[in-house]
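Okay, so here's the structure we're looking at.
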């Protein structure tokens, strides 16, 4: 039985880079991993494979949506550390539903008998859109993980995601494993002060603190994970939080909870208190 994770966060804060590095850490700790990108940009798995791979929707379109004509190699590429990578893709701009696309990807994996062949499956989901469509991965997930930075917009998006997780938990098994603080800069960004206060208020925890580091940005543009970058103390500093997250997720009973979202005015109070 696979452990299924849904990773969310505000767009543009390094969510896919973080997800790919968590996948790499999980694989290097012995797990068989599948990462599913759920964004029309289909760049979630780029650090794992070094390519913008064909999406499930593109593959289905080539066979007039006859699922039975597709094989594993038509939709999955194997990347760093043996991680399997899949990009769901998305409908054309201005039409269709992202949730439908995610559903088609899961359906195809099940038809190919692949869905239960992994120790861990990670959905990397377009972050601050919590419509019914893009919240679809929460229907399948054991745990949700929120990626956030120490600023108002990111915390506002995280709170909206907590609302979605709370709603889904009524009918599904999903719980919030915690929040990953990304791009932590204690000089310019205040560290994690606001995120710590927000996490406490919604009833969750910070899983790890990923530093704001040029090396992480360079790895992304190179189509690599941090684990593939040149060895050195800076690399070790960057790898530490990813390994901590993987160890937590692979532990026997990872602690998780149903979050209790706060009001919008409460978020302003958190941010205002640190100005």
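Note that the numbers count up from 1, one per residue, in the order the chain is shown.
Using the three backbone atoms N, Cα and C, a Cβ is placed for every residue, glycine included.
Going by what Swiss-Prot states, the ATP site holds 12, 13, 14, 15, 16, 17, 182, 183, and the candidate of 32, 41, 201, 205 recorded there is 41.
Cβ neighbours within 10 Å of residue 97 ([4Fe-4S] cluster binding site), excluding its own Cβ and spanning all shown chains: 15.
Residue 41 (ATP binding site) has a Cβ environment of 14 other Cβ atoms inside 10 Å. Reported as a whole number, the C-alpha separation between residue 183 (ATP binding site) and residue 97 ([4Fe-4S] cluster binding site) equals 31 Å. Note: the Cα of residue 97 ([4Fe-4S] cluster binding site) and the Cα of residue 41 (ATP binding site) are spaced 14 Å from each other.
The binding residues for ATP are recorded as 12, 13, 14, 15, 16, 17, 41, 182, 183; their greatest pairwise CA distance is 22 Å. In sequence order, 147, 182, 183, 210, 216, 220 make up the list of same-chain residues 6 or more apart from residue 14 (ATP binding site) whose Cβ falls under 8 Å from its Cβ.
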